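Enquirer: Would you mind keeping the following structure in view while I ask a few things?
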Amino acid sequence: MQTKRTIFPNKLLPYLLLTPQLAITIIFFLWPAGQALKSSFEREDPFGFKTTFVWFHNYARLFSDPEYLNSVWRTAIFAVSVTAISMSVSLLLAVAVNRLLRSGKFYTTLLVWPYAVAPVVAGILWWFMFNPTIGILPYLLDQFGINWNHRINGSQAMILVVIAAAWKQISYNFLFFVAGLQSVPQSLTEAAAIDGAGPFKRFWTIVFPLLSPTTFFLMIVNINYAMFDTFGTIDATTQGGPAGATNTLVYKVYADGFLGLNIGSSSAQSVMLMLIVIALTVIQFRWVERRVQY
Amino acid sequence: MVENRPFLTFLTHMVLIVGVVVVVFPVYLAFIASTHGSGDFLSGVPPLLPGPHLIDNYYKMLTTGLSSAGAPPVWMMMMNSLVMALTIAVGKIAISIISAYAIVYFKFPFRLLAFWAIFLTLMLPVEVRIIPTFKVVADLGMLNSYAGLAIPLIASATATFLFRQFFLTVPDELMEAARVDGAGPIKFFRDILLPLSRTNIAALFVILFIYGWVQYLWPLLVTTDPKYYTIVMGIKRLAAVADSDPLWNLVMAAVILAMLPPVLVVIFMQRLFVKGLVETEK
């Protein structure tokens, strides 16, 4: 790995400089992760006196548990919907801002601030708008004959959390799409325009393909966001309900382990989640390497 | 712009106006709700125009809060959030900049191992190790303390990478010249590297302050004493009460207060914010 051409000769100093970071990493990251891995292979008796090594028993139970499989399925629907909605809206807005010269900055300021809204607050804002008794959206939907009650209707609960989570993520995707669009060479679009390609054709045949590294990167980041950072959104709105309709994997780990105190199963779930994050991170870093060559 | 198409320009503005409305409307509605009396929510149609109770509601939430929700006054929770966000931002920057310095400017055994250990933290968000991390913090006696709120979150792979990347672009000649002039590693770091990193530190600070402020799951796990509630987690408790009691005006006042500090940071430091956001993801 790269260092400077000349380096400082000190022997002890670099270790001292690394100590705080490594201490925190080991105590609060690596050690707990190891513990989760260890207890995912163990079963604790109900009184916590004795633990027995049970090999893959917890995992086998997990994958035969219909509730867990349901949660995997719900998480997939949730992550794909949030990513698709949030990214397509942001791309549309970014393309629009990119067409403007002066007013673009003004719109940008109005569009970026939701980045700073906590996921739980985003959840509460939309929960208020969708509140079956006093919310404005159920009131409007009622005019069209749609009866909105996300407390009993699972699909409506899912729609609520998807919208709240996607809304918060628009600003992030928007900023990256704007940055991506600005790096598309103007000369290419001009050449296409001279050849008679209209704005829509230019977008789909030139701009969109050149944007694909950004799109791919955002896809990974958004899936990561939808899976791990939306705990607050769900906890504030549906709490995984009704009947597990919005019980994502992260919410289930929390509910089973912290509220339900089922350590073995919860650890096995944690380990499954770690594998997902590791896969996503590896894909993301692979992509960074490719972009350097690009 | 490649060519002038008035209709397309009109369409562009329409798209953006609709986009801005969608983005702003939920917050507008929450703000409007926070300016009304609690009786205004009984009719079934939420108010769309400001009411006269703006100052009453905010004053009540800031100073006394909602005692029925078991949550302290909002100003106290906001102070806790501020302490937590500042500690996390400053802590992450401080420990990351010195570890990046060690990795770039020194050669020592286990350098690569240290780098990969830091890298691993990227793959272990709190959400995947809830119970064991909670246990560690409990065993260390850090529940219900500012240290427990902030310290477990201040390891940072992204910040370390950012500084490492930046240090690699600093010309080698600067360090050679400093060494010729007799400056040791500490002096070089303090007098040359730190001033050069100023913009990076500022951009990172903006991002990390927001990161610290919006934390939800962690404060939920490690605080049971209302004295240490942060505003972002306290809000959930308030909202749970609002569902049974129609105190929407007060809850929404707290919601607005909870998002105000980080949103103002984004709006007023937009350039640093964008720089920090784009660079930490590289």
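Including glycine, each Cβ sits where the backbone N, Cα and C put it.
Keep in mind the model is a prediction, meaning the values are calculated, not measured.
According to TrEMBL, the record shows the following:
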- A:72-284: domain 'ABC transmembrane type-1' (DOMAIN)
- A:12-31: transmembrane segment (TRANSMEM)
- A:76-98: transmembrane segment (TRANSMEM)
- A:110-130: transmembrane segment (TRANSMEM)
- A:157-181: transmembrane segment (TRANSMEM)
- A:202-223: transmembrane segment (TRANSMEM)
- A:268-288: transmembrane segment (TRANSMEM)
Enquirer: What stretch in A:12-31, A:157-181, A:202-223, A:268-288 has the biggest tally of Cβ pairs under 8 Å against the transmembrane segment (A:110-130)?
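Expert: Maximum Cβ contact count belongs to A:157-181.
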Enquirer: Same chain only, please: residues at least 6 beyond the ends of the transmembrane segment (A:268-288) with a C-beta under 8 Å from a C-beta of the stretch. Say none if there are none.
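Expert: Residues packing against the transmembrane segment (A:268-288) from afar: 33, 36-37, 40, 58-59, 61-62, 68, 213, 216-217, 220-221, 223-224, 227-228, 249-250, 252-253, 256-257.
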Enquirer: What stretch in A:12-31, A:76-98, A:157-181 has the biggest tally of Cβ pairs under 8 Å against the transmembrane segment (A:202-223)?
Expert: A:157-181
Enquirer: Can you tell me which parts of the same chain pack against the transmembrane segment (A:76-98), counting only residues 6+ beyond its ends and a CB-CB cutoff under 8 A?
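Expert: For the transmembrane segment (A:76-98), the nonlocal Cβ contacts are 104, 107-108, 111, 158, 161-163, 165-167, 169-174, 177-178, 180-182, 203, 207, 215, 218-219, 222-223, 225-227, 230, 246, 248.
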